[in-house]
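> Taken from TrEMBL, the feature Zn(2+) binding site applies to A:CYS107, A:CYS110, A:CYS147, A:CYS150.
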Protein chains: 2
Amino acid sequence: MLNSGLTPAKSLSIEVAERICAERGARFTPLRRTALEVLLEFNGPVSAYDFLPALAQRLGRRLAPPTAYRALGFLLEQGFICRIETRNAFTLATHLEDRNAGVFFLCDHCGATVEVDADGITELLAGRAAALGFEVGRRIVELQGICADCRYTTAAVEGQSQVVRGRRA
Amino acid sequence: MLNSGLTPAKSLSIEVAERICAERGARFTPLRRTALEVLLEFNGPVSAYDFLPALAQRLGRRLAPPTAYRALGFLLEQGFICRIETRNAFTLATHLEDRNAGVFFLCDHCGATVEVDADGITELLAGRAAALGFEVGRRIVELQGICADCRYTTAAVEGQSQVVRGRRA
DNA sequence: TTTATTATGTGATAACATAACAAAATCCTA
DNA sequence: TAGGATTTTGTTATGTTATCACATAATAAA
Ligand SMILES: [Zn+2]
Ligand SMILES: [Zn+2]
Ligand SMILES: [Zn+2]
Ligand SMILES: [Zn+2]
């Protein structure tokens, strides 16, 4: 399983998020806290529209899309989660220290997603940017392909990770 | 202007596309040919829904979204165009030889987009993939930020490139 | 020619995301 | 602590992106 053993180095928790927000003067409201709780429970990427009912259920009330997107937006701003562009999905960040530092490996077959540190790549891209006079904000690096499990296994194994709706191959 | 002077090394044309398709046994139908013509005329990235009426007009008939997406899908398969994930847009590929080899620099301010060769980055990512046993298919590398022009100019300069609808800062 | 395959037309719908404005909560300062 | 400014959340509606499903047409293969 591509995800196994690769839990975040500095694991994000509600407590950690609370401390970080306090340090930054960011308001970790009940909605935002609950949103992070929901994401912590998802074992992998989740689409905004799968996240929405999960958040609503946990809060015990109906929610409309903007509320979900705002909560996700806050968590993105704080660097607690990352957006996977090629899946329209959101997942816990594995790197609280350096935002946009990750490289995503995304299995087209089983949907497994793993984020690894972008050492070296960051520097290389910074060099290219400098040559162009380009000031880099957000970096997106996503690699689609077939994960080790799917390469070495005859049949697709299910349940390897939460898979975004409709994206399972 | 970030784009200036950076026309594709091996410039794509209808003739080149025709030859490539013939070599591959791919059917370069009138619709697909016209789709490529339309994209050649766009000076930069275009959304599917901006592309759709342009294609329809050139064909002189109404088209529905699936037709546009199918044509774009074909051009993507052949490596004639690239999809810019963070803009939901399509643009001519600058690298006919090596698919998914590019790195996109995307200006958040003026919308300029430039694709450069991914030398070094490709190898670095391949190394990471190998370490994970991951077989890489498509690579996405997109850097968002501020282009040289926008950094060194007081006011935003317009008309630097075709900008995807609603994405101009 | 017959049959299979591939490509396109068409209407509907799914999936993803934000605009706009109102109401509530929080913060700030006098 | 009151009052006003700011931020957050609620709510309705709508905008944007992408695909399904099935019919028809064009092409390729037998
Ligand atoms: Zn990340
Ligand atoms: Zn897999
Ligand atoms: Zn490209
Ligand atoms: Zn710019």
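Each residue, glycine too, has its Cβ placed from N, Cα and C.
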> Can you check what DSSP calls A:CYS107 (Zn(2+) binding site), collapsed to helix, strand or coil?
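Looking at the DSSP assignment, A:CYS107 (Zn(2+) binding site) belongs to a strand.
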> Out of A:CYS110, A:CYS147, A:CYS150, which has the highest number of nearby Cβ atoms, where nearby means within 10 Å of its Cβ, if these are the binding-site residues?
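For the binding-site residues A:CYS110, A:CYS147, A:CYS150, the Cβ with the most other Cβ atoms within 10 Å is A:CYS147.
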> Should we count any of the binding-site residues A:CYS107, A:CYS110, A:CYS147, A:CYS150 as near ligand 1, judged by a CB under 6 A from one of its atoms, and which?
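Among A:CYS107, A:CYS110, A:CYS147, A:CYS150, near ligand 1: none.
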> How many neighbouring Cβ atoms, not counting its own, are there within 10 Å of the Cβ of A:CYS107 (Zn(2+) binding site)?
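So the number of other Cβ atoms within 10 Å of A:CYS107 (Zn(2+) binding site) is 29.
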